[in-house]
Amino acid sequence: MIGKGRAFCAGGDVAAVVRDISGGRPFSFTVIVPCNWKLGAEYFWNEFTLNYLMATYSKTQVSILNGIVMGGGAGASIHGRFRVATENSVFAMPETALGLFPDVGASYYLSRLPGFFVSSSQVLEKADLSSFIPLQSFQEELTPIFQEKPRLCAQTPTNNNIRLLLTSTQVLLQNDPKTPQNPHLIFQHQHCPFQHVNRHKICNYLHIGDGRYVQTMRELDFIGEYVGLTGARLDGAEMLACGLATHFVPSERLTSLEEALHKVDSGDSMVVSAIIEEFSLLPTLKEKSAYHRLDIIDRCFSRRTIEEILSALESEAEKSKDDWLSLTIQALKKASPTSLKISLRSIREGRLQGVGQCLVREYRMVCCVMRGKVSKDFFEGCRALLLDKDKNPKWEPSRLDLITDSMVDSYFSKVDDDNWRDLKLPARSNLPVHAIAKL
Amino acid sequence: MESSSSTERVRFRTQVLARHLHQHVPSQSQSQSLHPSTCLSYSPPELSEPFDFDTRDMRKLMDGHNLEDRDWLFGLMVQSNLFCPKERGGKVFVTPDYNQTMEQQREMTMKRIGYLSDRGVFQGWLTKTGPEAELRKFAFLEVMGIFDHSLSVKLGVHFFLWGGAIQFFGTKRHHEKWLRDTETYLIKGCFAMTELGHGSNVRGIETVTTYDSNTEEFVINTPCESAQKYWIGGAANHATHTIVFSQLNMNGNSQGVHAFIAQIRDTDGNICPNIRVADCGHKIGLNGVDNGRIWFDNVRVPRENLLNSVADVSPDGQYLSAIKNPDQRFAAFLAPLTSGRVTIAVSSIYTSKIGLAIAMRYALSRRAFSLVPNGPEVLLLDYPSHQRRLLPLLAKTYAMSFAANYLKMLYVRRTPETNKTIHIVSSAFKASLTWHNMRTLQECREACGGQGLKTENHVGHLKSEFDVQSTFEGDNNVLMQQVSKALLAEFVSAKKKNKPFAGLGLEHMNKACPIVPSQLTSSTLRSVHFQTDIFCLRERDLLHRFAAEVSQHQVQGESKEYAFIVSYQLAEDLGKAFSDKAILQTFIEAEETLSAGPLKNILGLLRTTYALITMEEDAAFLRYGFLSRENAAAVRKEVGKLCSELRPHALALVSSFGIPDAFLSPIAFNWVAANSWSSVQD
């Protein structure tokens, strides 16, 4: 799957949906009355069903994300098997600024973004380290490498910058013949931990010498909350680092990649993966990347409520002056308060649910948004950003503290309308495992 | 290679076709033969089990409070590798690695606590008060107990026992000095009450403390081996401070049991002088908790370290207490410690939910035996016998879930007047619910067959993790005797004063004795009125019998205490009757809050199942003639019918428990993929 022009897909035509709902009346002149919200509901019903089919599709889908990937565009690609990013990729879920929330199954994939790869291989276990934390035990071995790469991270290795390093280096584990129980870590730069697809699932493997590999584990993070709530834009390198993309291929190689894919004419995910791998390289993260702030993201965006997230960010900002922090706080303050609350809850619930359950919940939510009973922010957001373009939406309720729990609750309940029903997803029985879990 | 891959393809194609065909076969015609496929494939029960009610609404009713907080905490755990996420059959599960050594498990528990503490989970656990803060705390403890019992016990000791003792036994000076540091884990507390020689009988403990007015210090001593503190959670590895329960001896006069604060380790983890600590060793469960033993050798603590809410010692060594009678002082002292029983009762019911959710999901995806030769095999839960094993336990779990919520509310809204009720109800519910849990887990384990034996599938392993609940915070049998004793006291005092019964749910004794119809029809059996009547009749009659038997012994010249212990059989029956009736009552009250609809209907079905299975199981109904033989048969028949009526809702009912998939186990989902050869290769 490949986009036409400079975008992969910038999302659904939100303005058209809003036009449908408001009965075709132009916005600028009238108070919006969502009289036809069911037309919009039908649109989302179809879109979410498509998302589900893609998420559970057993055939290999390759999406080449050479441009903008937002909202609906993300829904059409991230659920698929391979997502190829390029230097032109721009990913964002900007819905909270629009009075909506990250939909198209985003509560599923955003809540599962692996921050980085951490080796949790058996080799490490043999060194008698507990199942996690092993990295800290390698601090001594790691220190020289950190000094070698001061650009990448601070001088002393912490758990977090070790992870960063791992995304850009290949770990070589060599058995010292004298102490076979105590493998030494040797690093090689400029190599990518690459993906290997076996019959049932994608594993990330690292080379440990002599053609042997160890499986790596994903460490999860709260970057999904960050991306989903602030609408932050990620570039190709960041998409790869957080797992939204599976590969990074420079755009100049795309034509050859496409040709190669056409030539093999195989749907076998292992074959496809091997081909993309040939064209892939590991991009370097920009210095300003949010990825260098995983610690702060983790500390702040793991908080229980929007209010607590904001106050955690603000107290970080007090400690150190940082443009990234103020931009992040600004983004949260500009977004619809209602959207923030329901988005956070949606991602939190999504973290514990399957992709089908996520879409059913998001469908309930989107219907509530379009009915506009609790808040009409979606229409206001569309007016201010897409139609009038004054970029000055007047949110209602205007403040976080004016939104009660029961208001938030209502977005997650069945819609109180006789003709309304929950999203009914097509039965997909006997799915192979890899068709359900792709992220 | 070539040929094997082509047969592979043929087999794959046949399976695809078989699946297409399968969808057109109406599900009720199970006898219609399908060609048995070469390999069993997993089909998620969600595809064939429609939900008749909104599981979200049911979850709200089950969890009762702080749902979003719960989901946040579940999410925090799923996000961290400290909680050992493992992919099995396309799903990620989190569970402690029980294959680690005891020492490793203990360290992991502590690391998990550190992670959660950094993210603000324990904020306000000791520094905030009021029902809202307490309910949030309870919700979090329940969620962590769903992940691992060691984690919740370790927290329970630190916050509820050590922290609770300072809150409740201490005064302002203690609160200011200790609570904040406890909440942030600057210090780690433990709670040294039980000894090798004394467990339930706290009043008999042998540790002795004297006062030295020259230095204004208390001197704590372990006078003999049976006085060593035993089972002290946190003592073996991590705790820096402890509450010491000890006899206070003032100038040769024993003033009864008092509580002191003593430091046992310095900040570097070295054991303090005059303290000896030993490990309790490997246990059948809870190995993530470092239970230890402590000996005190003339340990000196400042005078201020006496927790002095009930009694104090002046600098010059005067013993001061508003309560003169040591017995009463002791009772007043221990009354606030009921929170332990409340949390145990609640956590045991969540554990039953885990067991049932796993066993039920497995029974909805695993098949065994065909009814006709070459016919498709039958789903386990479609066997009436399998329904009969699991569904009554499900109904009881629902009933007890309401009971647990009621108890929690009773506790967080406590007043000095409700202390007695809380003590009795928490004793009864703690015993009933933890016994129920052990029984449920055993049945679930067996219902999962061999798969139930694997640690990763939880059900079997949970038995050893939760067995301790029938012992700690009061042995279940002792607690039940206390319930009967309290009921008897109420009875005696009402008779003596010639006053109507008030409190403990005994008001029904003021009314005329209910009459059970001689012929029980299905609709009678299902009526709330009948169920309430027969449960009240049983409690009332047993209380009369128990009072009569005890007084008969007393008339014969036996002491009250002796009369009580020889009447243990009736005491046991009465305790059960009280508990069962109170549980039923909470169920009925929960039902009454709902408006008519599918939710209310299913709860009605569950409540009847709970009532009838209780009647069927407790021989007292037949023994004392509350049910005739015919009626008992009618009850049994009705239970079978109820099971088949509950069967279509089984999946929806366990899905309403609010336990995320990641906290169940591989056999609850795609167990074929979870056990495939390729999963071994990874």
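Glycine residues also receive a Cβ, built from the backbone N, Cα and C atoms like all the rest.
According to TrEMBL, the protein has these features:
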type	residues	note
REGION	B:21-46	region 'Disordered'
DOMAIN	B:190-299	domain 'Acyl-CoA oxidase/dehydrogenase middle'
BINDING	B:T194, B:G233	FAD binding site
DOMAIN	B:337-488	domain 'Acyl-CoA oxidase C-alpha1'
ACT_SITE	B:E473	active site, proton acceptor
DOMAIN	B:532-664	domain 'Acyl-CoA oxidase C-terminal'
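Features per TrEMBL, on structure.
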residue: B:T194; record: FAD binding site; Cβ neighbours (10 Å): 18
residue: B:G233; record: FAD binding site; Cβ neighbours (10 Å): 25
residue: B:E473; record: active site, proton acceptor; Cβ neighbours (10 Å): 25
Next item on the list: Do me a favour and check the Cα-Cα span between B:T194 (FAD binding site) and B:E473 (active site, proton acceptor); whole Å is fine.
Entry: 10
Next item on the list: Based on DSSP, name the secondary structure state of B:G233 (FAD binding site): helix, strand or coil.
Entry: strand
Notebook entry, point to check: Tally of helix, strand and coil residues over the domain 'Acyl-CoA oxidase C-terminal' (B:532-664) according to DSSP?
Noted result: 110 helix, 0 strand, 23 coil
Next item on the list: By DSSP assignment, list the helix, strand and coil residue numbers for the domain 'Acyl-CoA oxidase/dehydrogenase middle' (B:190-299), in that order.
Entry: 6 helix, 54 strand, 50 coil
Check: Rounded to a whole number, how many Å is the Cα of B:E473 (active site, proton acceptor) away from the Cα of B:G233 (FAD binding site)?
Finding: 13
Note to self: According to DSSP, collapsed to three classes, what secondary structure does B:E473 (active site, proton acceptor) have?
What the structure shows: coil
